[in-house]
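Student: So that we are looking at the same thing, I have put the structure below in structure tokens.
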Amino acid sequence: MKLDVIGAGAFGAGLAIAYARAGLDVTLWARDVAGLRGGESPRLPGHAFPDGLHVTGDLSACTADVALIAIPTQSIAGFVAKGGLAPRVAVSCAKGIDRSSGHGPTALLAALAPCTAQLTGPSFAADIARGLPTALTIACADAAEGAALQNALSTPTLRLYTTQDVIGAELGGALKNVIAIAAGAVIGKGLGDSARAALIARGFAEMTRYATAKGALPETLTGLSGLGDLILTCGSAQSRNFRFGHALATGDRLPEGTTVEGLHTARQLAASPEDTPIADTVAALADGTLDIDGALSHLLSRPLKPE
């Protein structure tokens, strides 16, 4: 099977490496091919591209029916507008909400391909590239297309589960980033694992409230794309969102160019009428209207209520 992977950041490179090793005919498109020095992505150091993986900066070389779009959510609309790619199926690998339109990734990709899907779930690029066991969700409104993608994109170490709840899968991946920022801040401030556990539980309740209000199914949020991804990113410094929250609490900075999707999502939620106290606090903390002590006080001073 031919497969195009658009975007040579950490996740795109990880997927391209995994699928090339699994025997697929993979073409990896990079915006800056010259930056891929030494046969690897600078965003995923130590993981060399296998023989047979085609790397290009020319979109016209990407002719597969299925394209995995592994670019940040905030870059998707601009990429689609430029044209040059016309797959039959465009699979988003981004986890966010577009700040200009408020749309999820698959809605942005609808102008690119007649069929869209969302690949999401608990996964770090390095684990995928190393061939470590990973389970993901492939969400597609068309059940037959979803099943076909599941069969085509599952490997001995990468297991895919299907759902038709695209909204739930997209929002699970986007919202958990916000909670991961908060979890990073909790650990960076030295508040302990008990506080982090409480945050994860209340954060999951916040995710579920928001997502179901937008039409998601509750059971989707309890699956890989919601709870599974939340547990992973709130518990590991491999998560960029977790590291960002940690840096907010300690006064450190992340490397220039680090993508933090959860920051944009937090701002979207803070501007919405939904009850999202954790997202509101993360947005205020990131924007400097609250410091870490003020953020903690803000959350702990909320009215007591039943769980």
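Heads up, the Cβ atoms here are built off N, Cα and C, so glycines get one too.
According to Swiss-Prot, the record shows the following:
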type: BINDING; residues: Phe11, Arg31, Lys95, Ala125, Arg240, Glu261; note: NADPH binding site
type: BINDING; residues: Lys95, Gly121, Ser123, Lys176, Asp229, Ser239, Arg240, Asn241; note: sn-glycerol 3-phosphate binding site
type: ACT_SITE; residues: Lys176; note: active site, proton acceptor
Student: Long-range neighbours only, meaning 6 or more apart in sequence with Cβ under 8 Å: which ones does Arg240 (NADPH binding site) have?
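Tutor: Counting only residues 6 or more apart in sequence, the Cβ neighbours of Arg240 (NADPH binding site) under 8 Å are Leu254, Thr258, Thr259, Val260.
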Student: Which one is closest to Asn241 (sn-glycerol 3-phosphate binding site) in space, judged by CA to CA distance, out of the binding-site residues Arg31, Lys95, Ala125?
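Tutor: Of all the candidates listed, Lys95 is nearest in space.
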Student: Specify the secondary structure state of Arg240 (NADPH binding site) as given by DSSP, simplified to three classes.
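Tutor: DSSP call for Arg240 (NADPH binding site): helix.
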Student: Counting Cβ atoms within 10 Å of each candidate's own Cβ, which of the binding-site residues Arg31, Lys95, Lys176 comes out highest?
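Tutor: When each Cβ's neighbours within 10 Å are tallied, Lys176 leads.
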Student: When you tally the Cβ atoms that lie within 10 Å of each candidate's Cβ, which of the binding-site residues (Asp229, Glu261) has the highest tally?
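Tutor: Result of the Cβ crowding comparison: Asp229.
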Student: Given the binding-site residues Ser123, Ser239, Asn241, and counting only Cβ atoms in the protein chains shown, which has the most within 10 Å of its Cβ?
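Tutor: Sorting the candidates by Cβ neighbours within 10 Å, the top entry is Asn241.
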Student: Run through Phe11, Arg31, Lys95, Glu261 for me and report the binding-site residues whose CA is within 10 Å of the CA of Ser123 (sn-glycerol 3-phosphate binding site), in sequence order.
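Tutor: Neighbours among binding-site residues, in sequence order: Phe11.
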Student: Among Gly121, Ala125, the binding-site residues in question, whose Cβ has the most other Cβ atoms within 10 Å in this structure?
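Tutor: Ranked by Cβ atoms within 10 Å, first place goes to Gly121.
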Student: Among all the protein chains here, how many other CB atoms are within 10 A of the CB of Phe11 (NADPH binding site)?
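Tutor: Other Cβ atoms found within 10 Å: 27.
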Student: Find the longest CA to CA distance in the recorded sn-glycerol 3-phosphate-binding set Lys95, Gly121, Ser123, Lys176, Asp229, Ser239, Arg240, Asn241; express it in Å as a whole number.
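Tutor: The widest Cα-Cα gap among those binding residues is 15 Å.
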Student: Using DSSP reduced to three states, classify Phe11 (NADPH binding site) as helix, strand or coil.
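Tutor: Helix, per DSSP.
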Student: Let me know the largest Cα to Cα distance in Å among the NADPH-binding residues Phe11, Arg31, Lys95, Ala125, Arg240, Glu261, as an integer.
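Tutor: With Phe11, Arg31, Lys95, Ala125, Arg240, Glu261 as the binding residues for NADPH, the largest Cα distance is 21 Å.
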Student: Quick one: what's DSSP say for Ala125 (NADPH binding site), helix, strand or coil?
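Tutor: DSSP assigns Ala125 (NADPH binding site) to helix.
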Student: Give the helix, strand or coil assignment DSSP yields for Lys95 (NADPH binding site).
Tutor: coil
Student: How would DSSP class Arg31 (NADPH binding site) in three states?
Tutor: coil
